[in-house]
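As recorded in TrEMBL:
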type: TRANSMEM; residues: B:6-25; note: transmembrane segment
type: TRANSMEM; residues: B:46-72; note: transmembrane segment
type: TRANSMEM; residues: B:78-97; note: transmembrane segment
type: TRANSMEM; residues: B:118-137; note: transmembrane segment
type: TRANSMEM; residues: B:183-207; note: transmembrane segment
type: DOMAIN; residues: B:184-400; note: domain 'ABC transmembrane type-1'
type: TRANSMEM; residues: B:227-252; note: transmembrane segment
type: TRANSMEM; residues: B:264-287; note: transmembrane segment
type: TRANSMEM; residues: B:308-327; note: transmembrane segment
type: TRANSMEM; residues: B:382-404; note: transmembrane segment
Amino acid sequence: MSHSFDEISQQLKRRHRKSTRLKWITMGSLGLAGLFLVLFFADMLSKGLPAFQQAYIQTEISYTQEAETDGRRAFDEELLPLISRTAVRTIPLELRNNPDMIGTSKAEWVLANSDVDQYLKGHRHRLSDEEQEALDARVESGQVDLRFNTTFFGSGDSKIAENAGILSAVVGTIMTMIVTLAISFPIGVMTAIYLEEFAPDNRLTQIIEININNLAAIPSILFGLLGLAIFINFFGVPRSSPLVGGMTLALMTLPVIIISTRTALRSVPESIRHAGFGVGCSRWQVVRDHVLPLAMPGIMTGSIIGLAQAMGETAPLIIVGMVAFIPDVGVSFTNAATVMPAQIFTWAGEPEQAFVEKTAGGILVLLTILISLNAFAVVMRKKFERRW
Amino acid sequence: MQTNQLLLIFCSALLLLGLLAFFAGRSKATRLRSAGTAMFAQPDQYAWFTVLSTAGPAVVVSALGAFVLLLMGADIPTLYLLAASLVIAAIGLLVSLNQVKPDFHARQAIERVIRMTLAGAALISILTTFGILISIISEALRFFQMHSFWEFITGTTWNPGASFLASAGRGDGSGAEFGSVPLFAGTFMITAIAMLVAVPIGLLSAIYMSEFAPRKVRTVAKPVLEVLAGIPTVVYGFFAAITVAPIIVNIAGFLGLDASYNNALAPGIVMGIMIIPFISSLSDDVINSVPDSMRQGSLALGMTKGETIRDVVVPAAMPGIISASLLGMSRAMGETMIVVMAAGMRPNLTANPLEDMTTVTVRIVAALTGDQEFESAETLSAFALGLVLFVITLALNLVSVLMIRRFREKYRVNNL
């Protein structure tokens with residue numbers, strides 16, 4: 001079989017076209033992955049950014065005698081369906097604490113309820129036509145305003161949407177992460193030092209190594225089962241507490257810290273160790289005074305990345321009960337607490353429209369923290385990285 | 001006295017003893033040395049040796065005691081235990097001070113203690129694995145005493161129903177059925193959808209990054225893709241449930257199909273997006289380690305770049321690519337939050353990805369967050385499901401490790 005010159009050159013063209021096509025296809029799939037990322041962030045921002053604003057209504061509060069028992073009496077009848085139940089509830093308490101306020105009145109910005117909030121932001125709401133009209137009139141006269149949502153950042157969870165905040169979850173996350181780091185950092189670094197610098201190359205060491213790689217790949221929910229069965233049921237650590245959550249997450253973070261610490265230790269050149277031994281240092285002295293300080297930036301980077309991973313973890317914490325409803329901000333290791341991802345999960349389960357926005361707002365807070373932690377780790381690695 | 005106060009007193013007493021040991025040990029060593037004797041170690045090393053032998057045994061004894069107290073429920077008053085530890089600390093102090101002699105190798109003694117401590121830390125990871133195994137297996141065994149293993153593996157109806165009543169003394173829980181086939185079918189369906197999304201996109205992106213992309217694109221694209229892996233799964237779950245699922249329902253409605261809002265497609269696709277970086281990152285590393293001589297040989301024979309990639313590079317990297325896919329698959333099977341938030345609760349044995357179906361992890365969460373007692377069959381069934389999940393993911397991981405090792409040995413690459 002023979003081909004003419006033309007046929008061959010045609011064939012060659014085809015083959016090169018195919019090659020170019022492959023390039024475009026592969027480029028396209030990378031672009032597709034990037035597109036997912038962009039779409040995802042755009043979606044979260046559009047859903048979550050409104051959560052940082054909250055509707056307030058300006059009104060005259062008249063502190064009458066009746067308002068001391070029934071907070072609703074302090075407000076204009078027409079306004080009651082528009083303002084938050086929380087604003088009404090605080091009036092009697094306020095009056096009981098300051099009895100001399102009775103009889104006075106003052107103009108104030110009060111928290112509007114979530115329906116007003118959602119109406120102003122153009123989302124689904126449950127306001128009747130008359131209520132909408134009343135609201136529109138007030139918007140015209142500048143008595144309704146969207147302001148920065150201090151409640152969202154300054155208070156704990158609530159079943160009343162406009163009153164729910166993320167602070168208790170942030171505090172819970174910090175407490176849990178303290179426990180996680182306090183356990184996993186020393187144990188992880190010590191394990192890595194042992195495996196990299198001290199361990200003889202025997203069966204036991206190999207088993208430990210395989211085991212660590214395996215732990216890194218075990219589904220996180222199984223760590224939750226361990227926390228439930230061993231920490232809570234067996235050792236009696238209080239359920240839902242940052243202590244048990246932190247311990248469970250510490251076991252999950254351990255392999256991450258061990259693996260990154262080993263990489264960091266391995267990147268310190270042998271000559272440093274030889275120099276140490278040459279002047280008569282013992283192995284521990286070489287590790288403590290030379291290898292460890294040189295490997296520290298790498299170790300810190302790995303630990304921060306592990307910490308960020310633990311911070312976003314939800315499944316094992318649900319199993320150990322850290323989805324509690326925590327309205328008050330509490331700084332304790334043994335009381336029930338919640339963490340940011342668990343708070344997001346709880347809010348995502350609320351049927352009210354206003355909570356969709358809260359959930360996305362919580363997600364934005366969490367993502368901001370995680371991205372800054374990771375960026376910090378990368379910057380640190382760039383700054384302190386040494387090439388030998 | 002409160003346990004907390006006792007502990008505080010114990011800790012401060014131990015700290016004082018430690019300080020005493022340090023200064024006593026150092027002063028004795030300094031005195032000996034200033035007398036002109038040649039010594040094996042520095043005064044500070046003797047000091048640390050005395051500290052270690054004062055505090056070490058005391059801490060070990062009190063920890064052991066606390067362990068026995070919790071484990072066996074033995075009735076040792078905390079006061080006696082802590083007092084005994086302090087006495088041991090004092091004895092340790094005296095003995096070690098006596099050891100501070102010119103011919104004693106304090107540095108080597110410290111070294112031994114440190115080596116043992118480090119080895120002890122390394123054992124904790126093994127203990128963790130054992131902890132997971134023991135906790136899961138023991139509870140799973142209790143479950144299998146109530147319901148037969150065979151029924152659990154082959155049954156097609158999952159209906160915990162009234163099983164919680166049995167543990168409360170009402171009814172015998174006979175109506176409950178624990179057939180896990182629909183749960184695993186759901187898990188496999190969602191995993192399959194995820195892999196259909198992740199493997200092509202991940203692999204093709206990896207090929208682009210390692211074979212076509214200019215260096216600049218590569219250094220930017222890789223970390224950007226890693227961001228996908230760093231997003232918490234609870235966030236993906238929300239995204240799947242709130243954004244992706246309605247889109248799919250709308251598209252299905254447009255095509256005249258009937259889709260549930262808890263369809264399997266939404267969590268599957270989102271899970272696939274999450275797994276892309278796992279696959280692309282490892283595949284990229286593997287493709288990069290395929291020796292350049294193979295590419296050059298292929299190009300020298302007149303193959304185009306595309307043909308080289310398709311017929312030489314990718315087949316050579318195949319073990320690594322399969323290994324990456326298996327890792328991604330095990331990640332997808334164990335993934336919890338996305339399916340808890342976006343997939344259904346109803347065990348449903350179907351091949352239609354537009355219907356709602358539930359997964360193993362969803363049922364584990366459902367069983368352990370309900371109001372049932374811990375002893376109930378439904379709660380224990382979570383551990384049985386966990387056991388199967390553990391076995392499957394372990395097998396996937398092991399096969400994956402073996403594949404990558406084979407690749408490494410074939411091409412003598414060390415950095416994988």
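Note that the numbers count up from 1, one per residue, in the order the chain is shown.
Using the three backbone atoms N, Cα and C, a Cβ is placed for every residue, glycine included.
TrEMBL labels come from automatic prediction, so no person has curated them.
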Mark yes when the transmembrane segment (B:118-137) and the transmembrane segment (B:382-404) have three or more Cβ pairs under 8 Å (sequence separation 6 or more) and no when they do not.
yes
Cβ-based contact of the transmembrane segment (B:183-207) with the transmembrane segment (B:264-287), 3 or more pairs under 8 Å:
yes
At a Cβ cut-off of 8 Å, and with pairs 6 or more apart in sequence only, do we get at least 3 pairs between the transmembrane segment (B:78-97) and the transmembrane segment (B:308-327), yes or no?
no
Among the ranges B:46-72, B:118-137, B:308-327, the one whose Cβ pairs under 8 Å to the transmembrane segment (B:6-25) are most numerous:
B:46-72
